[in-house]
Structure formats: structure tokens, C-alpha cells
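To start, the structure under review is shown below, and the notes come after it.
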Amino acid sequence: MKLNMSKMIFISMIFVSSFISLSMNNWFSMWIIMEISLFMFIPLMSKNKISDQSMKYFIIQSISSYLFIFSIIINSMNEMYINNPLTLLSLMLKIGMPPFHIWKPEIMSKLPWMECLLLTTLIKIPPMILINKLISFKMLMIPLLITLIIGSLSGLNQLNLKKMMAFSSIFNLPWMSSAFLISKKIMLTFLIFYIMLNFKLMNLFKLNNLNYLNQLNFLPLKTKMTMNLNMLSMSGLPPLLGFFPKWMILNELIKTLVILPSIMILTSMISMFMYIQINYLHMSNFSLKKKNFKNNTAKSFSILNLMVFPMMLIFWM
């Protein structure tokens, strides 16, 4: 479907509402922002003739919204506005955090790539802000550890690229949550890099009409190398671009905690193993010959992926 005016309006509203939420402190305004994102996203799903998936998504998000409002009412009656388990449960369901994550890979597997990008990036920003404002980090610890383990292990046996990206999004939820808790500078750095890497990778999948792993075998070597570099960068492999924000988060977390950074490193290694295994399987049949990169966009992003160490030095000087 071509990018018509209504689709541009829906995407613009999601974009604006997500970034307005970064400057809000009122829970009621945040809830309105989340509902705006929901009602702007559902027409995008419906236009692609996947009304059953849009109905599933609407039901799940409606249940989570009702639970959130109910928990806030209970909080106001008890004069206790933080650390309500029902509030945490409702927001975990809304963003697809384990053990309430089953709906996310199933819905994403039927969506087009650009809708997958919105679901994994912009739409989960307002709920993540609410989680970090209403729930203490001590209460979040166990859900974050479960999310890291399930997100890294569930992606190992996936052949569907959209489901693999869904589990990658789930795995990055604890990293994003930690970035929100540490500082605004680290939070914005992580968001910019994460959205940029997701956009580049999903755009490559869309342009090459890819949905399954075995389809990577039929790609040109240049495209395959660019895609593999982006996958490794998503997993946080040094010295690529995706390592930079994760290194910043670990550098701050390890000053106060030990268990969470340790599990983050171990599960990241599992995630890296998955991407390296994919790279090996698809690159083993090719001999690397000297080729000119005619696609300037792919070449520039590959260079950007390898410029992380100079950026790190400039950032911390």
C-alpha cells in the first residue's frame, strides 16, 4: 500500500504522541497518550486486510487499559500511588513483557514491516515511562530478569524473521527500562540508536521482501553482509554501533547492582550466539571477494556501525 495521506497522519500522530510523553508527569495525560497511539495504530493494521489481528490487538490493549485505570482508582483510595502489582501487571500486558508476551510475536508475524517497526519502538515508549514512574526498581527486578532470559532463549529456534524481531524487542525491554531509570541523556541515546537500528534492519527486510530465514540464502553478498552487520549491531556486539548505548547502561548499573548487569551480559551473549550462527550459516557458502559497494546508503550505514569507538571517546571526554 502506498503512503497515502491518512497513513501519514496516523504515523505522525503516533510519533508526536510518543515523544510528547517524554515530557509528561501526569498519569492521566500519559494514559490518554497511550490510547491515542492505540487508536492511531489500529487503522494501520486494518488497512492491510488483517482485521483479525487488529481485533486481537484491540482486545489485549483494552484489557490492559481497564486494569490500569482500575489500579489507579485503588491507588487513589489507599493514597498509595506507587508499587501497586496490578499497575505493573497492566503495563506489562500492554508492552508484551513476559509472562504476558505471547500475543506480541503472533500479531507481529502477520503485520507488514513498517507496522512492526512502530510496535517495537514508538508505541512502547509511553508504557515504559509509566512503569519507571509508578513502579520501584526493586519491584521491577524479577520481571526484568525473566524478560532477559525468555527474550534471549525464545529467539534461538525462530525461523520467522518477524517473530525473531518481536523477541529481540522483548529482550531489549530491560535495557530500555534501565536507561529510563539512569538518566535522560542515556535514555535518549539508547532510544535514538535503538530506533535507528530497527528502522535500518526492518527496512532491509521490507525492500528485499523477506519473512523467513531461509530467504536470506538468495540475497546478493553485499546485501547479506549489510544485513548481518546490522543484526550483530542489534545484539550489542562490540565494536558496532549497538554496543555503545548498552555499554553506557552497564557502566552506570554496575555501580549499584551486580545481579542485573551480570544477567544482561550473559543473555546478550546468547543473543549474539543466535545472530552469529545465522551469519555463519548464510555466509559459509560464499568466498569474500573484493566488491565495490554501489549502494551509498548501505555503505554509509556500514561505516557508521564501525565508528562507535571514536564516538565513545568523544562522548566521555
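Cβ coordinates are placed from backbone N, Cα and C, and glycine is handled just like the others.
According to TrEMBL, the protein has these features:
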{"type": "TRANSMEM", "residues": "28-45", "note": "transmembrane segment"}
{"type": "TRANSMEM", "residues": "57-74", "note": "transmembrane segment"}
{"type": "DOMAIN", "residues": "78-270", "note": "domain 'NADH:quinone oxidoreductase/Mrp antiporter transmembrane'"}
{"type": "TRANSMEM", "residues": "137-156", "note": "transmembrane segment"}
{"type": "TRANSMEM", "residues": "186-205", "note": "transmembrane segment"}
{"type": "TRANSMEM", "residues": "225-244", "note": "transmembrane segment"}
{"type": "TRANSMEM", "residues": "256-278", "note": "transmembrane segment"}
{"type": "TRANSMEM", "residues": "298-316", "note": "transmembrane segment"}
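Of the two recorded stretches, the transmembrane segment (256-278) lies close to the transmembrane segment (137-156), with three or more CB pairs under 8 Å once pairs fewer than 6 apart in sequence are set aside. The list of residues near the transmembrane segment (186-205) in space but at least 6 beyond its ends in sequence, with Cβ under 8 angstroms from a Cβ of it, reads 113-114, 116-117, 120-122, 125, 161, 165, 172, 175-176, 179-180, 211, 223, 226-227, 230-231, 233-234, 241-242, 244-246, 248-249, 252, 301.
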